[in-house]
Amino acid sequence: MEQKHSQNPNFPASQLSDNQQNNRGEHSFSQETHPQMPLNVNFQTSDQEIQSPFSRLTLSQDFQSQRETSSYNILLRLDGLEATKSDPFSVGFGEKQVNIGEVQQALFRGQAQSNDGGVNGPFNLEVQQNINVRPEIMGFGKRRYLDGVGGDPLRLMKYQGNGFYDTFSNNHEYSFLHGKKPFSGTTPPSPNFLFSDNNFKTFSSRPSLCSNLHLYQQFSIESLRGRIVSLAKDPMWSGILKSKLEEGLTLPSLELVLSEVLEFLSDVITNQFGSQFLQKLFMVCNVEQRTRIIFTLTRNPFKFINICLHSFGATTMQKLLEKLDSSQQISLIVSALSLGVVALANDPSGHLVIQHCVKQFTTEYNKILLNEIGNNCFVIATNKSGCCVMQSCVEHSYGELREWLICNIVANAVHLAEDPYGNYVVQYLLGMKIPEVMTHLVRRFEGNFVSLSFNKYASNVVEKFLETSGEKHSRKIIIELITSPNFCMLLVDPFGNFVIQSALSEAKGHVRDSLLNVIRANVPSIRSSLYGKKILSCLEKMKLSLV
């Protein structure tokens, strides 16, 4: 491998001087320390490098020398760890020992969700990339990690910039990839610099792995003043802020967070990570603070409706609706939603918010919503999402308001039966088996059962009539079918044959005999038809003879 490197003038290792190459082996890892380690880790006798995508970059000799020197600045020193004989691969540095197994477990547990298994290092390597395994590149240099910090936790929050440099590096030159100048190693950047308007976008919002593991609990919410909304929408920082909320904040800190979030509430609630943060914030707020959030959301009803039409916004609103604890909060929500009931009910995301209100609140609160839904019964019931809303409204409403909704559905029942989604609403009413409703529906469909039996969707409604209406009503329907001049066409129709099969199952007495006689008269056409044969098969299962 060394020969291959020396032949490649573009390989970083080939740019090192002899002294630098000899110094790389000052830390030796023996096989005895970790007998199960598969690699040859004696760095005194071999320069073991795993090729990375950066190996093909042409680097100057000065840059490589500075990078080798700066690598000592990322030493991870955990003073609290004491190695024992049973600890695997414990490496000593002076008086202290670092348990490599525990360090690796801590590092990779902290990075597992945010880096998809990648390795955090000087170049923030991702999955399936390679990393130099020399001891100084792994972070075991000479300089203490915490030297010169001054005890300020946020000054330890190392940001990995877009220019792939280390903020604690001694390299004063521009980055070889993006031309951004790194910070001096002797003066770590202050929190005010990191979060200033001019420099905030220069850095990724992800704190370094070591800082996140050991120091994030020490920083205060006050130090993030003015940046809480931006951090709440970040994948990593959103989780850190939620952890802070779970641990508990003082009232001034909570008010600081709340005041910044309320100013940009619509942005936060429609963001994937911001919406999760808002849910946690709403849970830890008191009644007065929750009312302020609801009031800010509903202050502009049309903006609030747009939030409920958003996938993340709708999901968050459902969580918030579960936590409402005052009549004022409920009234604010329902009043704002009532201005966009049809749009919400017919939307894949918005209908979930309407259904949640219908299920969660009493009919007294939902009256304004149910009135709007009833007035737009046909438009809502013939929609893929709206038909679900209509059924929920009937199920969870009571008294006169429920009767009014049912009357609106019955009035449109024939047309709804022929609709791909409206037929489910009619079938739902039939399934409730309310005698008065059943009587009104049979009367409404009378004279249309034969024509509806030829329809793909309405034929399901006719079958539901036969199954749920009872013997009295089913007898009337079957007589209408067999006395129709188009009955023989039903026997061989792709949809009508299912109606006939249901009629055979529900018919009794002389009505069944009359039905069998009509079928016998059409046996030749039935046997020559694909769909007619299904009726013959049904008769065989019922052990009914046509002879």
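Just so you know, glycine gets a Cβ as well, placed from its N, Cα and C.
Features of the protein shown, as given by TrEMBL:
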{"type": "COMPBIAS", "residues": "1-23", "note": "compositional bias 'Polar residues'"}
{"type": "DOMAIN", "residues": "195-543", "note": "domain 'PUM-HD'"}
{"type": "REGION", "residues": "1-33", "note": "region 'Disordered'"}
{"type": "REPEAT", "residues": "260-296", "note": "repeat 'Pumilio'"}
{"type": "REPEAT", "residues": "336-371", "note": "repeat 'Pumilio'"}
{"type": "REPEAT", "residues": "408-443", "note": "repeat 'Pumilio'"}
{"type": "REPEAT", "residues": "444-480", "note": "repeat 'Pumilio'"}
{"type": "REPEAT", "residues": "481-517", "note": "repeat 'Pumilio'"}
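Same-chain residues lying 6+ beyond the ends of the repeat 'Pumilio' (481-517) with a Cβ under 8 Å from its Cβ atoms: 449-450, 453-456, 459, 462-463, 466-467, 471, 474-475, 525-526, 529, 531-532, 534-535, 538-539, 542, 544, 546.
Averaged over the repeat 'Pumilio' (260-296), the predicted model reaches a pLDDT of 92. Across the repeat 'Pumilio' (336-371), DSSP classifies residues as 30 helix, 0 strand, 6 coil.
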